Amino acid sequence: MTHRRTAQGRRPRWLLSIISALLSAVLQTRAATGSASQVHLDLTVLIGVPLPSSVSFTTGYGGFPAYSFGPGANVGRPARTLIPPTFFRDFAIGVAVKPNSAQGGVLFAITDAFQKVIYLGLRLSSVEDGRQRVILYYTEPGSHVSREAAVFSVPVMTNRWNRFAVTVQGEEVALFMDCEEQSQVRFQRSSWPLTFEPSAGIFVGNAGAMGLERFTGSIQQLTIYSDPRTPEELCEAQESSASGEASGFQEMDEVAEIMEAVTYTQAPPKESHVDPISVPPTSSSPAEDSELSGEPVPEGTPETNLSIIGHSSPEQGSGEILNDTLEVHAMDGDPGTDDGSGDGALLNVTDGQGLSATATGEASVPVTTVLEAENGSMPTGSPTLAMFTQSIREVDTPDPENLTTTASGDGEVPTSTDGDTEADSSPTGGPTLKPREEATLGSHGEEWLTPAVSKMPLKAFEEEEASGTAIDSLDVIFTPTVVLEQVSRRPTDIQATFTPTVVLEETSGAPTDTQDALTPTVAPEQMFTAEPTDGGDLVASTEEAEEEGSGSMPPSGPPLPTPTVTPKRQVTLVGVEAEGSGPVGGLDEGSGSGDIVGNEDLLRGPPGPPGPPGSPGIPGKPGTDVFMGPPGSPGEDGAPGEPGPQGPEGQPGLDGASGQQGMKGEKGARGPNGSAGEKGDPGNRGLPGPPGKNGEVGTPGVMGPPGPPGPPGPPGPGCTTELGFEIEGSGDVRLLSKPTISGPTSPSGPKGEKGEQGAKGERGADGTSTMGPPGPRGPPGHVEVLSSSLINITNGSMNFSDIPELMGPPGPDGVPGLPGFPGPRGPKGDTGVPGFPGLKGEQGEKGEPGAILTGDVPLEMMKGRKGEPGIHGAPGPMGPKGPPGHKGEFGLPGRPGRPGLNGLKGAKGDRGVTLPGPPGLPGPPGPPGPPGAVVNIKGAVFPIPARPHCKTPVGTAHPGDPELVTFHGVKGEKGSWGLPGSKGEKGDQGAQGPPGPPVDPAYLRHFLNSLKGENEDASFRGESSNNLFVSGPPGLPGYPGLVGQKGEAVVGPQGPPGIPGLPGPPGFGRPGVPGPPGPPGPPGPPAILGAAVALPGPPGPPGQPGLPGSRNLVTALSDMGDMLQKAHLVIEGTFIYLRDSGEFFIRVRDGWKKLQLGELIPIPADSPPPPALSSNPYQPQPPLNPILSANYERPVLHLVALNTPVAGDIRADFQCFQQARAAGLLSTFRAFLSSHLQDLSTVVRKAERFGLPIVNLKGQVLFNNWDSIFSGDGGQFNTHIPIYSFDGRDVMTDPSWPQKVVWHGSNPHGVRLVDKYCEAWRTTDMAVTGFASPLSTGKILDQKAYSCANRLIVLCIENSFMTDTRK
């Protein structure tokens, strides 16, 4: 052991200087460029912990966790907790869902404060015709209606996993499904970015109170990316990472795709063993996926890429998710050993407390990283590692994305700790070599291997204030030093695990005697390489292997000093044989060929007591990917916390008084010398240096004491950094993975005198201009793991001081070394006298949001004690004036106003000029005259006695004999005039004749008119016809008349015979067919009737109204009250004269207007009085439609349709009122529609909603009462009962309504749906929809959406019953 320490002391410091420079350059470059990754918003973090009601974890695609949403799930948060107020101009939405319902549903929605408008959202429609639609909502500020920016038709997604992405870029929206673009649509939007109001909300699985279908099923991914190209890049990275046959797209049901390994920044409490917690995976960045190469490597070329990359995180303590992996690619190579030889080595992971992960036999060991944090918690940015292990065998090639393992917190991801671990015991996602592959350590030939990259955050440099850059991760690139070769043809699952050592140290205050106080540092663990020996056994090519022997245990020794060092975390590499080995922690002697190097840490003792609290960390920078979690319940007041770190950017206070000078700390004791390393082989020859100046020849000097250690020999091939440098040790080096006990300081020897200048050397040969060929490869040397005591950070660069642990015995004189870096920081001095308190600084900036709590954080770590209720705050100030509201509905027509006051009497006008007016219209016909006398055939005239009910005759048939009345007789042959007969005596009463046929009213009117005089100007006197009647043409047969009263028959005595007439035609013949009517003949003689004439019967019923007459439109009413009461009976344009006041009015559209009359013209005193007023002075009203003639005396409410179909801009209330008035319905009718001011269920008066039936215009019952329509069944009615319009047409059959659909804009309970009522019935936009009900369904409230451009049926409801007295 002493020998090794002495050899280590000869380690040249210039090698460490180069490492420091490289690490410093990488860190500075990383800090300058930053790690600004693209912004992505994971919407599943809104679910929070504990899970809300109806939300649970479920096994998702690929066996990874997902969230299951039930019907009652309601996940919503204020949008500002996750979404930036100004949204991305271009973006993409990545989705992985499994719906379990054909109804689809809303995946997410960002709404306004009232949950009426969706600003941004994604929805799956219900299944229709074997297809579904993916709908993207994109509504710009200022709109009051949700806008469907893009709609894509996709196959049915129900009951299967679906992965798709929607990208918005410029004016185009594209849909990608399974990494293939399905379709692309254009949409118009303004140049302004999409902004969200502060009170906006975001919902997952629903859209709040929008009334849209909720999503039921599983959601595994729901992420918004700020770069719309991200889905394509992820797909390309996935394809490039595939190998062999799995080189491109694979069905989701075949290969589980792990898009990203996720480590959460908060861990469960520390326990001896914690089972792995599954967390939902998210997609990795393109840079990470692009590191996996899908290109095949020629067989026989082993490849193991191990690398560590440091990051300068944009902030510390921000709760960002760590997406860091270590990749180890194991490629097929030539077998190095025979089957069963036992020299396959496993790279094991151990920690500083002795935990190890090994495998024996054919066990499958999952790759793990064991992390423990101090006091049971892990700070943000703690080291995290994972590894890929890949074989390029075409048949057994695993998907690299399936080989990612993660570790989080201080819990231990299970590792295999005994030799009989089963192959299927590794957790999901653990890397596993395929059968016929083993991992061995051996020579890798002359091939150079491609380095890979691992990303590891480091909790380091927390107290470094000089550099000004918060560094929480480290980047170091190593060339391959571990070769995994195929050594066996039988199936053996072996993994290689590599983890860099991360040593976190904290000083405890004053220095001690045993070790210098150091600031927290980080050193990457460097790997060692080993080769199989000739005998096939795996040995380390170091002196340590030779001394300790195969499988030997490390010697026991005193415990390490811990007074000034907090518990360290380190992971070392241990070579362990893959087969036939003993239990973990060491090998029995002679049990195998695998030697253990650096196995001081294989045994782990029981957990120690919790360490002291760590020092405060450096304030983190503002986060970019950290979002506020859901608001928790107020907790109880906690105990006063310890003083926090200094707030950022505070104003400097006044300088305090200078403290006393602290005492200088003592110098630490010198550590023991390390073992001497072997001299390395010469490396490549360097370029010649510039010639030196000629010096004087000096005398030989006296030999001085041994000088300081010289530099190492020429570098050979080894652990290159891929930056143009080669690094190799010169001998056996011990793994410096733990602090060592400092030994006593030995005094330095006397300094030698300066030697004389040597003689001038000969000029060397000119070197070539290019680098020479590489020299022969040297034997691989061990790579040291640098302890944290080797590194001090000052001003952002690595500096190395004299390290006793590396000092060995003096080596040969070397060439002068390179200029050294500044020395290490001195030990911390004693605390000075406290100064006077400074002035109070200004209030610090607002802290950053806390970390998101996800499903893997135990509940007991989150809950706090319930806080006391706070006092009520004072009322806030008056808010700003809101925007103007919507224009209100048109109000109902007001009642007629009271008559205005009489105006002042006007001035007397000039006398008008009297002009003869036009001739008046013909007067009405005079009353009919009494029946005339009856003349028999022989000319006897029988006087008719006067009857009291008959009026006097208006004329006589024969001049001079007013008693004669002639009647038309049957036309006979023309005869000669006979002599008038003498007056006969009154005859006896004849027998009663049979009843006559009924008389048509039209024929009766014609008969009466024929009795009137032809000159109607003389209304009361007819003109003599000179006893001659010209017979008109015979009329058409009339309808039978009513039965008249019994008439009186008067038969006089037979008169004297008259003059014989001309002989008639001889003989009798059969009557012929009546001929057509002939032309009118000349006037014939007076008719000679042989029988009495029946008197007219009583007046018949009134006939149908005739055409409008030419009567005067002036109507006389008694007074003003009479005029107002009968306003509905007077048509527009009618003149009204009031008898009591003599005023004159005209009926206009909205009421009455008074007319100014001129000067009174008196009537002469001798003028006869005016005729009496007609008994029916009003303008005849059109008859009611027969459909309105039903008996409405019982209390009912009528449901009537408008006379025409109407689109979305209706003004329906006004039309209902207007058309009801025109139809003679005097009660108030309202539209059967919901509005933005009133729900449909409240249109009818509350007192009449239950007791009155709803009927059509014929009184047929449609609904039992108003409330029965809104019971929730859609308002079912009997489709055999028609619904009539105001003009009496059946809307269910009349072609004037081509679409038998009724607008309503309500849900089944009559509540308005603000997104389904055509913007309060004010628009006919094709893109806007409203709810309507097809009457064919037998429902009046069916929930079907129709474009507001459709012209559909609008119903009107009588909102209250009005009796006849009210009418």
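Glycine is no exception: its Cβ is also placed from the backbone N, Cα and C atoms.
As recorded in Swiss-Prot, the features of this protein are as follows:
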type: COMPBIAS; residues: 434-446; note: compositional bias 'Basic and acidic residues'
type: COMPBIAS; residues: 582-595; note: compositional bias 'Gly residues'
type: COMPBIAS; residues: 751-765; note: compositional bias 'Basic and acidic residues'
type: DISULFID; residues: CYS1216-CYS1356; note: disulfide bond
type: DISULFID; residues: CYS1318-CYS1348; note: disulfide bond
type: DOMAIN; residues: 54-249; note: domain 'Laminin G-like'
type: DOMAIN; residues: 605-665; note: domain 'Collagen-like 1'
type: REGION; residues: 229-604; note: region 'Nonhelical region 1 (NC1)'
type: REGION; residues: 267-319; note: region 'Disordered'
type: REGION; residues: 529-784; note: region 'Disordered'
type: REGION; residues: 605-718; note: region 'Triple-helical region 1 (COL1)'
type: REGION; residues: 719-748; note: region 'Nonhelical region 2 (NC2)'
type: REGION; residues: 864-934; note: region 'Triple-helical region 4 (COL4)'
type: REGION; residues: 905-930; note: region 'Disordered'
type: REGION; residues: 969-998; note: region 'Triple-helical region 5 (COL5)'
type: REGION; residues: 974-1000; note: region 'Disordered'
type: REGION; residues: 1032-1086; note: region 'Triple-helical region 6 (COL6)'
type: REGION; residues: 1055-1089; note: region 'Disordered'
type: REGION; residues: 1097-1111; note: region 'Triple-helical region 7 (COL7)'
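You'll find the Cα of CYS1348 (disulfide bond) roughly 19 Å from the Cα of CYS1356 (disulfide bond). The region 'Triple-helical region 5 (COL5)' (969-998) scores a mean pLDDT of 63 in the predicted structure. Mapped onto three states, the DSSP output places CYS1356 (disulfide bond) in strand.
Distance between Cα atoms for CYS1356 (disulfide bond) and CYS1318 (disulfide bond): 18 Å, as a whole number. A separation of roughly 19 Å, to the nearest angstrom, links the Cα atoms of CYS1216 (disulfide bond) and CYS1318 (disulfide bond). Around the Cβ of CYS1318 (disulfide bond), 27 further Cβ atoms fall within 10 Å across all displayed protein chains. When other Cβ atoms within 10 Å of the Cβ of CYS1356 (disulfide bond) are tallied across all protein chains shown, the result is 27.
Between the disulfide-bonded residues CYS1216, CYS1348, the minimum number of other C-beta atoms within 10 Å of a residue's C-beta occurs at CYS1348.
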